[in-house]
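According to Swiss-Prot, the protein has these features:
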COMPBIAS  331-349  compositional bias 'Low complexity'
LIPID     Cys320  S-palmitoyl cysteine
REGION    326-349  region 'Disordered'
TOPO_DOM  1-33  topological domain 'Extracellular'
TOPO_DOM  59-70  topological domain 'Cytoplasmic'
TOPO_DOM  94-107  topological domain 'Extracellular'
TOPO_DOM  131-149  topological domain 'Cytoplasmic'
TOPO_DOM  171-199  topological domain 'Extracellular'
TOPO_DOM  222-249  topological domain 'Cytoplasmic'
TOPO_DOM  272-283  topological domain 'Extracellular'
TOPO_DOM  306-349  topological domain 'Cytoplasmic'
Amino acid sequence: TEGPYFYIPMSNATGVVRSPYEYPQYYLVYPAAFAVLGAYMFFLIIFGFPVNFLTLYVTIEHKKLRTPLNYILLNLAVADLFMVIGGFTTTIYTSMHGYFVLGRLGCNLEGFSATLGGMISLWSLVVLAVERWVVVCKPMSNFRFGENHAIMGVTLTWAMGLACTVPPLVGWSRYIPEGMQCSCGIDYYTRAEGFNNESFVLYMFVCHFSFPLVVIFFCYGRLLCAVKEAAAAQQESETTQRAEREVTRMVILMVIGFLVCWLPYASVAWYIFTHQGSEFGPLFMTIPAFFAKSSAIYNPVIYICLNKQFRQCMLTTLFCGKNPFEEEEGASSTKTEASSASSSSVSPA
C-alpha cells in the first residue's frame, strides 16, 4: 500500500493500513517484535558506542597512533558513532511507540544520519583497502604515503557519503519508513512520480555498492599475492608462514565483514526494486537493514581491536597505564618480526 511519503508492505483490502507517521503498526507484526527491535538497538548502542569512542580517546592519548595510515581507522570509528547517535537512538524511541512518531522531518533526519554513517563506513573500508594495496604492493615505486594522502582519503569518504545521502533530501528519491516502519531509509519500494527513484537506485547500486566491491576485491587480492611472494622470497620460514597466515586471515575477515554488512541489504533492496508490487513481509527488509547497522560493532573489532598497535594502547589505557598482557603481546610480535613490514602494513593484523 503506497501513501504520501510511505509504503506499507501489505495490501489494504481489509482497510487496516494506517500512516506510519500517525498510527502504531501493530497490524504488521506482533507488538513483541517492536520490543525485540528496541532491545537489539539498545544492544548495538551499549557495545557500539564504547568501543568506537574508546578508539578516538586512545588515539588522542597515544601519540604513536596518530599516523597517516591510522586516519582512516579513526574515520571509521567516527562514522560508526554517527550511526549510533543519529540512527540507533531514534530507532529505540520509535520502536517503543510502534511507529515513526517523529514525523516526516524526523524520518529525513534519521534516514540521513543512519545512511550517511553507513556510507562513510563503507567508503572508509574502500579507502583502507586502497591504502594497504598502495603501501604493501607499491604500484607506484616512488610514492610515499603521507598525511596529505590520508586527509584526501578521509575527505573522499565524506564526499561520497554526502553524494549518496543529500539527493533524497532535495528531490532525487526520498527517505521513507521501511520494514517495520520504525526506521527510515532510501525509497527502493516505489516509483513515485517526480522522485526519479529508478535512476537513483541504479546510481546507488553502481557507484555505492558494485564499484566499492570491485575495488575491495582487487586491492585485497593483489595484497594477498604480494604477501605470498614475499613469503616465498624468504624461503617459507616459520615466521614468514605465520605472518602470511595472519595477513590472509585478516583479509578474509575484512572481505567477509563487508559482505555480511552490505550484501544482504543490497540484494533485498534490489529484489524489491525489480519486483515492484510483489508481496513481502515487513521483516524482509528489516533484518538485512539491521545486518548493515550491526557493522558499528564488528567493524571496530575487525579493523581496530585486532590491530596489534591499537590493541596494546587500548589495554594500556583501560588498565591505567599498564598492559597486563604486555609480555604475551611482546613475545608474539618478536616471533613475527622478520615479516613485520608486510603484516603491519596491512594493519589490522
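Positions of Cβ are set from backbone N, Cα and C atoms, glycine also.
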(message) Helix, strand or coil for Cys320 (S-palmitoyl cysteine)? Use DSSP.
(response) coil
(request) Using DSSP, break the topological domain 'Extracellular' (94-107) down into helix, strand and coil residues and give each count. (result) 9 helix, 0 strand, 5 coil
(request) Sort out the residues at least 6 away from either end of the topological domain 'Cytoplasmic' (59-70), same chain, that have Cβ-Cβ distances under 8 Å to it, and list them. (result) 131, 135, 145-147, 149-150, 309-310, 313, 316-317, 345, 347
(request) Give residue numbers and ranges for long-range contacts of the topological domain 'Extracellular' (94-107): same chain, 6 or more residues beyond its ends, CB-CB under 8 A. (result) 5, 20-26, 31, 34-35, 37-38, 41, 175-177, 180-184
(request) On the DSSP side of things, how many residues of the topological domain 'Cytoplasmic' (59-70) fall into helix, strand and coil, could you say? (result) 9 helix, 0 strand, 3 coil
(request) Kindly report the helix/strand/coil residue split of the topological domain 'Cytoplasmic' (131-149) according to DSSP, in that order. (result) 10 helix, 0 strand, 9 coil
